[in-house]
Amino acid sequence: MTSLLADSSKPFMAERKSYAGNRFVHVKNPHLDSMDEDILYHLDLGTKTHNLPAMFGDIKFVCVGGSPNRMKAFAQFMHKELGLKGDGENIKDICAGTDRYCMYKVGLVLSISHGMGIPSISIMLHELIKLLHHAKCCDVTIIRIGTSGGLGIEPGSVVVTDTAVDSFFKPQFEQVILDNVVVRSTELDKDLAEELLNCSKEIPDFPTLIGHTMCTYDFYEGQGRLDGALCSFSHEKKLEYLKRAYNAGVRNIEMESTVFAAMCGLCGLKGKISSSLVFGPFRSPHPPFPLPLLEGTKPIIMVCLAIYLQ
Ligand SMILES: O=P(O)(O)O[C@H]1O[C@H](CO)[C@@H](O)[C@H]1O
Ligand SMILES: O=c1cc[nH]c(=O)[nH]1
């Protein structure tokens, strides 16, 4: 297969400098220091059973997405694009000991699945962030590559998220902690979003835009669908809500971006080093799910390659 990057990697060599710095991924939990062992239960990894710095210390790029098959395909594709030795078809699932998530390491890139919805990605992110912290990783970029419902945009477009918003179009994530509601910011890195947008311009026929991504707790009623098992609103109400969302800057809807932005931002995968990328097929009645997902990852692959060659 012809490399996507054959003609386009050079311009990004200069841009890789924007990733320079020395920022370790950090945890914000005083209890961890006093623990004898940290078991990353859902990843089937641990500080006593695995040499995490040796296994993961060189990671610079983490790509996450809901489906295990997609993240395996992404890892295999990266393997080819990065020109790594060995058979990319036989890459090993590092989390094979659990069927919760899958994880593949391809050079400096980690590809991980997170399942559907905020609780599922949140569990994965807790353990991933601890993993990157124990492995002493620094300058890590994390990108979510997922499907989404586009709002008023061309079918098949890629939306690069600038800000994740909740169902009220607010740039925040409400985390219930014990019986308190803690509000966390969901700002994402604007430079990385611009960089991904610029990468996409290098690729012909690749509709990409920057916009707000709305994160909901539900795929059906939460996203204004009329075809769930329950529906408590009219077609007109649905359109009125989606129009308000569009006017607030929302260009696509999915189910993980707010907690992704909040957690990564708090733990040092932020500022110049985090963003989320989601795909926006048109919404109705059902989006064409087998999207050209790997097509949509081209800008990410270009940035990864620039970092890899650093
Ligand atoms: O394409 P993925 O990453 O699975 O994400 C989107 O698809 C799922 C709904 O079908 C939700 O998890 C939504 O966020
Ligand atoms: O959450 C999602 C994911 C894909 N497509 C949608 O319409 N919504």
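Heads up, the Cβ atoms here are built off N, Cα and C, so glycines get one too.
Feature annotations, courtesy of TrEMBL:
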{"type": "DOMAIN", "residues": "60-270", "note": "domain 'Nucleoside phosphorylase'"}
{"type": "DISULFID", "residues": "Cys95-Cys102", "note": "disulfide bond"}
{"type": "BINDING", "residues": "Arg100, Arg144, Ile145, Gly146, Thr147", "note": "phosphate binding site"}
{"type": "BINDING", "residues": "Gln223, Arg225", "note": "substrate binding site"}
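Geometry remark: Ile145 (phosphate binding site) versus Cys102 (disulfide bond), CA distance 15 Å. When the recorded positions Cys95, Arg100, Arg144 are ranked by how far their Cα is from the Cα of Gln223 (substrate binding site), Arg144 comes first. Within the model, the domain 'Nucleoside phosphorylase' (60-270) shows a mean pLDDT value of 91, rounded to a whole number. The least crowded of the binding-site residues Arg144, Arg225, judged by other CB atoms within 10 A of its own CB, is Arg225. With a cut-off of under 6 Å between the Cβ and any atom of ligand 1, the recorded positions Cys102, Gly146, Thr147 reduce to Gly146, Thr147.
Cys95 (disulfide bond) and Arg225 (substrate binding site) have their C-alpha atoms 35 Å apart, to the nearest angstrom.
Checking the recorded positions Cys95, Arg100, Arg144, Thr147 against ligand 2, the ones whose Cβ sits under 6 Å from it are Thr147.
For the phosphate site, whose annotated binding residues are Arg100, Arg144, Ile145, Gly146, Thr147, the maximal Cα to Cα separation is 20 Å. The Cβ of Cys102 (disulfide bond) lies under 8 Å from the Cβ of Pro68, Met71, Lys72, Asp93, Cys95, Ala96, Ile112, Ser113, each of these being in the same chain and 6 or more residues away along the sequence. Residue pair Arg100 (phosphate binding site) / Arg225 (substrate binding site) shows a Cα separation of 28 Å. The number of other CB atoms found within 10 A of the CB of Thr147 (phosphate binding site), across every protein chain shown, is 22. The two recorded residues, Arg225 (substrate binding site) and Thr147 (phosphate binding site), show a Cα separation of 16 Å.
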